[in-house]
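Below you'll find the structure, written out as structure tokens, and then a few comments.
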Amino acid sequence: MGRLMLASALEEIVVRHAAREGPLLPILHDVQREQGYIGEADVRRIAQALNLSRAEVSGVVSFYHDFRRAPEPLPVLKLCRAEACQARGGEALARRAEERSSGRVKVEPVYCLGLCSVGPSAMVGDTVHARLDPDALDALIETIA
Amino acid sequence: MRLFISDDAAAVACGADRVAARAEALGLKVIRTSSWGLHWLEPLVEIESADGRTGYGPVDPSDLEALLRGELEHKRVGAIAEHPFMVRQDRLTFARAGRTRSLSLDDYAATGGWAGLERARAIGPAAILEDVTASGLRGRGGAGFPCGIKWTTVRQATGARKYIVCNADEGDSGTFADRMLMEGDPFCLIEGMAIAGLAVGAGRGYVYIRSEYPHAIAKMEAAARLAAPLIAPFEIEVRVGAGAYVCGEETSLLNSLEGRRGEVRAKPPLPAVEGLFGCPTAVNNVLTLAAVPWILAHGGEAYAGFGRGCSRGTMPIQLAGNVKHAGLFEAAFGLTLGELVYDIGGGTASGRPVKAVQVGGPLGAYFPPTLFDIPFDYEAFAARDGLIGHAGIVVFDDTADMAQQARFAFKFCAAESCGKCTPCRLGAVRGRETIERVIAGEDRAANLALVEELCETMKFGSLCALGGFTPYPVMSAITHFPQDFER
């Protein structure tokens, strides 16, 4: 993650999606998957390729919570902060996660992982974790830190 | 000996993959199925014998050897289909849950799959619309709009092309039925979309899935590839959201699909007339579309035979939060909230008294146990200043602070507002500040009156349900739990 993408790699992503209807989100997803974020230079090149203004592309990138405009150096733990996890002690767990992870893991809120029957829940990459208690949370943080 | 273990994300998050891996290491044949929806028992392991499948749960990898020796009796659940949680249900949309492998076309066809599409092809668009209208099916995403009327509008609209858009941006806390359906029975959704395409004259469909659902995305993409020849010439493509709650609103979702910021569009024009890329578009929730194959296979009248009043058919209700028996409960409309929370849900998981339930996601009202006589249907909830929404029920015990929940509702709205309309964009921020003053004890009565006035403005002045319904959790918390605002 966080490595710079070659212009040819971005070109390849754009070509892969260009024929689709509304190709911008699929392109942005692929760019982020490839290099971990969507930088200013990427915005400029995507805008040019799709015949959009930089403001349009930039506006889309900034609108969606998923898209990062700068690399994230730390591993990311997405912790559900929505009501169903709140009802199962999620807020106390979130405070603990902040304390335990300081500087080693980036704890980000996510509003619902659809695991509301087995909360509190979290996601690291595409891996999901449920029924978190303080011990399980600590272990998870130590695993990814 | 064969073991059945679910590969639903809820089961996997509870450790089902580790259990399956251990079982395979012990030389057992493991079949990964969808989840029955009895989530408090996940990871659930079913062992096959001459008498059928016997369930055990929740199973830890270290339990397996004891299970094989017949020494795991304390975790024995018995036959899942005969479990009290199952026998009270009317599983129409979730008929295959727990029983089939989600990506097996053989399993799907062997359990009545494609019968609805086959009949739809035989009877043609007019008769399909008649059947769907007769079924009384209403939008399961929350709005409750009659599906037959929406589809008829798209059918009659003129455009260069038409689209079916499946709204799988299931962002409401307490809901997971869309996720379960897409992960567990993706062909059912695909069949429903193909029938919808026939009914309205659309050649292409999109499934817009939120990015927080990687398992559902993978299953739907695989299922769409496998089913492509069976639904041709109709085509389905999966698209992935990017973490914006507001994209669950249909016009915002359409903008997102087009590659724009997910801002809400003013209505009219309705998407049915001018939707995706300006073309007539039927936007339906996963559960609405997934109900359609059953309706076409069994007839609209049969579906309308379930339910009460203007709420016909079944609703996949999701029991979540602090509840003992959390999971998926599909039933005809009409059970009371109390039956759902106590009789079926078994009360709180913590064992403490129930303080409140929030029904319908972050924009739904909080109800105290004194209102648990409300029957589960669209109109009954509206009459009590609430909504059933996507039918998620989140249970809270008596440690919950409803003033904090009201504050959270505003905070969530502020974080997720698309910014298009002023009542939502500014109202959510000012609402949170004002509630915080109430909590801090600053001029309580005056500030509560201000919140109420602000809620009126948001309710009637917002463009969509995000700003328009945020007043439901806020005002219900203030109305039903005044003591929490006086501490």
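Note that Cβ sites are derived from N, Cα and C of the backbone, with glycine treated the same way.
Fair warning: this is a prediction, and the values are worked out from it, not measured in the lab.
Annotated in TrEMBL:
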type	residues	note
BINDING	A:Cys80, A:Cys85, A:Cys112, A:Cys116	[2Fe-2S] cluster binding site
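Around A:Cys116 ([2Fe-2S] cluster binding site), the C-beta neighbours below 8 angstroms that are at least 6 residues distant in the chain are A:Ala82, A:Ala84, A:Cys85. Sequence-distant neighbours of A:Cys112 ([2Fe-2S] cluster binding site) (same chain, 6+ residues apart, CB-CB distance under 8 A): A:Cys80, A:Ala82, A:Ala84. In the three-state DSSP classification, A:Cys80 ([2Fe-2S] cluster binding site) falls within a strand. All protein chains considered, the CB of A:Cys80 ([2Fe-2S] cluster binding site) has 31 other CB atoms within 10 Å.
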